[in-house]
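Residues or ranges marked as Mn(2+) binding site in TrEMBL: Cys70, His358, Glu400, Asp436. As annotated by TrEMBL, phosphoenolpyruvate binding site applies to Arg109, Lys295, Arg326.
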Amino acid sequence: MSDGTWSPNSWRSKPAAQDVVYPDREKLEKVLGKIRTLPPLVSPSEIERLRHQLGQVQRNQAFLLHAGDCAESFDACTHENIAAKIGLILSFSLIVIWGARKPVVRIGRIAGHFRGDNVNGLDPNDRVPDPDRMLSAYFHSTATLNHVRSLLTSGFASLHHPREWSLSHVRSPALREEFERITEGLSDALEFTRTIGLGKESVSYEQGGGRGALGEVDFYTSHEGLMLDFEEAMTREFPIPSSLGSYASSSSESTPSKVHYNTSAHFLWIGDRTRQLDGAHVEYFRGIRNPIGVKVGPSMKAEELVRLLDIVNPDRENGKVTLITRYGAGKVEDYLAGHIRAVQQSGHPVIWICDPMHGNTLTSSSGLKTRNFGTIISELTSCLRIHAECGSHLNGVSLEFTGELAEDGFSVTECLGGSMRLSEDQLPLRYQSFCDPRLNFEQSLDVAFLISDHFKKERTGGKKSYGDVLYSELGGRKP
């Protein structure tokens, strides 16, 4: 950041959209004082590692998967739920790696993305904003992150083999054949690597052996940086790690320069409703070292987008800004190309990812919020095509999905369609979200298969995915 007037609390001089008003200000200051003394949840070295990997994504050398719940809840902080989310992210990324032949950078909407429980309760008598809930959010984030780290460093990543995936939910014979072809090829490739010694340890992890090439992955956390009181309290000043060479030394001294990291998550994003150029959120985000995301919707003017990039990334650093587009299937054709051209002309380095969820929400006849799988993949494949037409690349995807199972052992039923052809009358069977509707395990793998197939055909010169049997069988619309 080139402007030295920034500080972690300079946002307080700006208007804050969607601000939380706490009646008990004395209690608020006491809680924030406590949070300032608590340990960071993530380290500068982890944040810098993500910045480096996002630079690879920006250069189209890796693919970004940003995924998880629409919002976490304190009650859902359990081993079963956390393991299910991580397992789905690992399975999804494995499928994409197979087709794209490039690494996947995994950022979960997890360990801090509460958006509700961190303010007040659902009970009508518990609606007054309570600062203590920020402390609860910190400790639930800590517990979640600790369990994620434990899972990923003890062989959990190596357990998600495609031969264990059931395709019994796939109703279309043609679609099942496509899925079986992909999983069989992926399974054979994994078994080949183990046969020649990759990912195969003679001694198990539990008996002192290593984790192996296939048993350990990088995983990063994220949330929307909405509650600036909390974000300020979790912002800490650290030296840039010395291993970064010239970045770690000032021009006049040999000692490392210091920068501000938000230590509550590796990656934070600005929502579509809080991205005002003169607002508090943009002011806060422009000063932190973390890589950041910006939601870009139909209301974003092209010139406004460029001005926003000038503010949050004036030095035009690689891997710093991810643009998360969320137009809706019916509007993506009208806005995406203009935004791409404006950014290209500005010279700003950005990562482009598609959020095909938020612009495609509707209300069912029974009153439940839902999304149609066909419109989700229509927006996604339109983004792929439009980027290609503009000489750009879609670098990733942002999804709201869950691997959670209902009490009866089956996947949740919140989004319509997909290979299981979930109908409107089936939505109430296992509808569990208290926020927005999520893709379930099967529907999520549908998207992964579609992306993998697209990139494999792009890589090998085959027909693009938005015109083939897989796309049409999943309910996609013709461009």
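Using N, Cα and C of the backbone, Cβ positions are placed for all residues, glycine too.
Since this is a predicted model, take the numbers as computed values, not measurements.
The Mn(2+) site is defined by Cys70, His358, Glu400, Asp436, and by the 8 Å test on Cβ atoms against their centroid, the other residues of the chain that qualify are Met357, Thr361, Cys435, Pro437, Arg438.
Note on the binding-site residues Glu400, Asp436: the fewest other CB atoms within 10 A surround the CB of Asp436. For the phosphoenolpyruvate site, the Cβ centre of Arg109, Lys295, Arg326 serves as reference, and the other residues of the chain with Cβ at most 8 Å from it are His66, Glu224, Trp269, Gly271, Asp272, Gly293, Ile324, Asp355, Met357, His358, Ser398.
Listed binding-site residues: Arg109, His358; maximum Cβ neighbour count within 10 Å falls on Arg109. For the binding-site residues Cys70, Glu400, Asp436, a Cα-Cα cutoff of 10 angstroms around Arg326 (phosphoenolpyruvate binding site) retains nothing. Using a 10 Å Cβ-Cβ cutoff, Lys295 (phosphoenolpyruvate binding site) registers 20 neighbours.
For Lys295 (phosphoenolpyruvate binding site), the nearest of the binding-site residues Cys70, His358, Glu400, Asp436 in terms of C-alpha separation is His358.
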